[in-house]
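Peer 1: Could you have a look at this structure, given as structure tokens, before my questions?
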Amino acid sequence: TQRACAYWLEGSCRYGERCKFLHAATTVTGLALLTTLKEHKESITGIAMVPDSAVLFTGATDGTLRAWDCNSGTVSDTLRLEGPVEALASGFGWIFAGAGHEVLAWNVKFSQQTLQARAPGNVNALAVGKGLLVAGLGSGEVCAWEFGSGELKSTGTLSKHPSAVTALTVAGGRVYSGSRDGSIRVCEAETGKSCATIVKAHAGELTGLLCWESFLLSCSLDSFIKVWAATPAGTLENYFTFPEGEEEIVGRSGVTGMCGSVDSDGKPVLVCSYRDSTVKVYGLPLFEERGALFSSAEVISLSSAAAGNNLVFSGDKQGAVKVWKWSKDLIK
């Protein structure tokens with residue numbers, strides 16, 4: 001990957017065309033930086049956009065949840081939580097945030113309507129299913145609340161890892177959770193019935209889980225991205241590992257997060273952030289490298305908008321949120 005000029009990214013390179021480093025926000029063909037949002041003062045820990053709305057939500061360790069007007073790029077509302085925001089999720093017209101033991105739900109259409117609940121542990125991750133909010137806790141528990149009745153009604157603990165839950169997703173009526181110990185657990189969203197457990201899915205902390213087509217994708221600080229497929233017995237098996245053929249990676253940076261997106265041609269891509277401050281874009285299903293996104297600080301949060309918007313969002317440790325857009329007009 002070409003190296004971008006750190007001074008140019010901050011708007012202060014004095015070498016101009018003589019600079020030996022790249023003066024560009026990205027090397028991904030067809031993807032452009034639309035704008036940078038700068039109101040948070042600390043690390044961005046969550047980014048979410050509700051489908052069919054023109055509002056972007058961001059959470060940060062400064063303890064604020066901010067709503068941005070996508071047309072003007074300005075903050076339209078701010079909520080302050082009891083501590084640093086550690087998780088953010090959206091679904092069914094609601095935005096959900098986790099800070100410490102506090103869980104907050106914000107109705108996007110009726111911004112004055114908020115719901116609150118207390119989790120039995122620190123909230124590390126959030127995910128949304130049909131009428132169900134699921135949280136992964138520092139205690140290792142995966143617990144849930146129903147929110148369709150106008151309140152957050154606890155349905156109890158669905159599963160439990162030996163160590164902190166660090167990644168979470170819900171799809172097809174199932175909850176997929178990843179832990180600091182490298183394990184992945186799968187359970188039924190309604191009943192908590194265990195479906196599968198992979199004790200050593202990764203050699204390091206899980207940092208992301210997402211479902212794509214019939215597969216589960218996982219990423220970790222062990223530097224690997226893995227693709228899992230369901231077996232006839234209902235368990236999960238490792239279908240593919242990227243990069244291939246490397247038992248141990250010396251000097252390769254851990255993966256800190258990922259999100260799925262679709263380019264301007266409708267092709268699926270995976271956007272991944274790394275500990276060395278790089279963000280790489282891979283084409284699926286072959287993981288061909290499409291290029292990189294550049295930031296002046298380490299990116300620790302990634303998200304994408306629903307189909308049709310063609311947007312990708314990245315948040316960094318300095319509190320900046322960058323908005324990227326796929327466009328055929330950028331392809332020569």
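Just so it is clear, glycine is given a Cβ too, placed from its N, Cα and C backbone atoms.
A TrEMBL annotation is a machine prediction, not a hand-curated record.
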Peer 1: Name the residue range among 1-26, 79-104, 209-234 that TrEMBL annotates as zinc finger.
Peer 2: 1-26
Peer 1: Going along the chain, which residues at least six beyond the ends of the repeat 'WD' (37-78) come within the CB cut-off of under 8 Å?
Peer 2: 84-91, 93-95, 97, 99, 104, 106, 108, 111, 300-303, 305-306, 309, 311, 313-323
Peer 1: Within the zinc finger (1-26), how many residues are helix, strand or coil going by DSSP?
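Peer 2: Within the zinc finger (1-26) the tally stands at 7 helix, 3 strand, 16 coil.
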